[in-house]
Each structure stands twice: as structure tokens, then as C-alpha cells.
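Chemist: Per Swiss-Prot, active site is recorded for ARG177, GLU297, and the stated evidence type is sequence analysis. The feature active site, proton donor is assigned by Swiss-Prot to SER227. Swiss-Prot lists 34-198 with the feature domain 'FAD-binding PCMH-type', giving sequence analysis as the kind of evidence.
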Amino acid sequence: MERAEHIYQKLVAICGEENVLRDEPMKHHTLVRIGGKADFLVWPETYEQVVDVLRLKEEYELPFTLLGNGSNVIIRDGGLRGIVMQLKHLNRIWREGNNIIAQSGADIKAVSRFALEQHLTGLEFACGIPGSVGGAIMMNAGAYGGEVKDVLDHVKVATLTGELKTLTNEELELGYRTSLISRTHDIVLEVVFALQPGDYGQIKAKMDDLTFQRESKQPLEYPSVGSVFKRPPGYFAGKLIQDSGLQGKGFGGAEVSTKHAGFIINKNNATAADYIATIEMVRKTVKEKFGVELELEVKILGEE
């Protein structure tokens, strides 16, 4: 039996045939609708399956990529080698006291809505963030003055070798769009958010206002990765790009949004090469005009 088939059969034995795909085009699994093929895409249904896949990866010395819901990532056209794991089945959300516990694959927007239903305040800022809970922890996601760091109590993670452990807010070293696990690549399994009782009407009004701001300013009618660049100290990335005259410009099917210059949209079947070339054009032009280096907020993965 060839090695790839052997690995496939082992993955099927762990996760079930319906949860293992071979040579899967990743453009179907990223919000920007871009990306080459993954050798193996797996969707574990339990923490035990996550650990078993990690141990298999170790045994066969396979490359490994954990993907959230594909919101903040560009996968190159050559795709991803080895195993790609998504935790979309691990999506439970529940309440214990004033804490909300969410599994890594849950949508952070769904957790924000659940908090509203439970009359708990603290997660309003997340009502429009397009991402999984695990991804939100890794990036210390934030919007409109709030961030994960403000409400996170602790997380359960699996290390890349399959060891389970708990990390507190302090141990996670949460900073602006970064965390300890963005460097260690530990896999978030479960998250505890510490919230406060609040007034349903006030919580809903704040979420409605943030949703309106987002929908009126962001180009949600086209696929994109969301905000491409981090906020440079003392500036706004979108304003620098706008003042550089780059809106409506790009390569191939990728284009700097005319609605919000901080977004690059997939306007017409863009490839990853189109998208990355557009990013580099923006960075180069802003550096030349304003002397400001734009840092990426998105992750670029895979082979060219």
C-alpha cells in the first residue's frame, strides 16, 4: 500500500470517512475563496480524535496546519502538504455561572450572540468578527475598542505532540493581534470567557450599532480575508492606502476595495498569486509615499 493511502486509511480509522478529504481544494474552506489543494483535510469530532491525529502526524513526521474557519488566512496556489485540521465539529457553547465556555470550532459571532441571549456583557465587540473561537484566541481578536484579552479567563489546549494542558489569560501573553500560541502553535480546544450580568436591551443596542458600523464601512459583498494589515502606530492602514490612491487597483482578480481601503477583495476568481501581488503593491506604495511599513494581520500559508 502506498504511503499516502496508508495515512489516509489511518486518518479514516480515527475520524471517520466523512471527515477526511484527500487532495481537497482549500478555496472551498477559506472566506477569501482562494487556495490550492491540501493533501489531507480532517475534521475531528472529539478531543481524543484531535490528539490521535497529532500522534499520527508525529509518527509519520508529516507537515501539519491548523485552520480556523479560514477567515484570516491566504493559502498559496500550490496548497498545503501533510495534514490540515479544522475543528468545525467542536462547536459547542454553554454557560456556567457568569462564564461562557466555547469549543474552539464555534463561531466567535455565535458566542457573542449566545452571551446576549444569556444577558451577559463583555463580548459585544465580537459580534461582527468573522472567525472561530480558536482563531480569535490565537490572534487576540478585537474590534471597536474590545479584545479577547479583556474577557478571557483560561483555555484548554493540546500541544503539537498531543499533550493536554490549561493556560491562563496571563500565560497566553495576549498582545495586539498576537499570543503565545501564535508562536507555539498549540491547538485551542476549549475557551472560558468571564463575563458580567448586563441589560439585554443595552447589550443588543451596542451590538446593533457595531453591526451597522461594520456593514456600512466594509465590503462584505465580496470574498476577502478581512482586515489585511495591522494598524501601524500613529496611523490607520486604510487611510494610508486610500491616500496612496490605490483603491480599485490590483492584480488579476484581486483589488483594493473602493469601499474600505484596508480590505483587498476577491472580485473575480483571484488566485493567491494575484492577492499576494496586490498586497505587495500596497506595501511598496505606502512605504514609498509615507515611509510606513505595513505589517500583515493575515497569515500566508502553503506552497507557491
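Just so it is clear, glycine is given a Cβ too, placed from its N, Cα and C backbone atoms.
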Chemist: I need the CA-to-CA distance for ARG177 (active site) versus GLU297 (active site), whole Å please.
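Modeler: Computed Cα spacing between ARG177 (active site) and GLU297 (active site) is 7 Å.
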Chemist: Taking the Cα atoms as reference points, how far is GLU297 (active site) from SER227 (active site, proton donor) in Å?
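Modeler: One finds 7 Å between the Cα atoms of these residues.
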Chemist: What does DSSP assign GLU297 (active site), in three states?
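Modeler: In the DSSP reduction, GLU297 (active site) maps to coil.
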Chemist: With Cβ-Cβ distance below 8 Å and at least 6 positions apart along the chain, what are the contacts of the residue listed as 'active site, proton donor'? List them in sequence order.
Modeler: ALA237, GLY262, PHE263, GLU297
Chemist: What three-state class does DSSP give ARG177 (active site)?
Modeler: coil
Chemist: If you count Cβ atoms within 10 Å of the Cβ of ARG177 (active site), leaving out that atom itself, what do you get?
Modeler: 20
Chemist: With every protein chain in view, what's the tally of Cβ atoms within 10 Å of the Cβ of GLU297 (active site), excluding that atom itself?
Modeler: 18
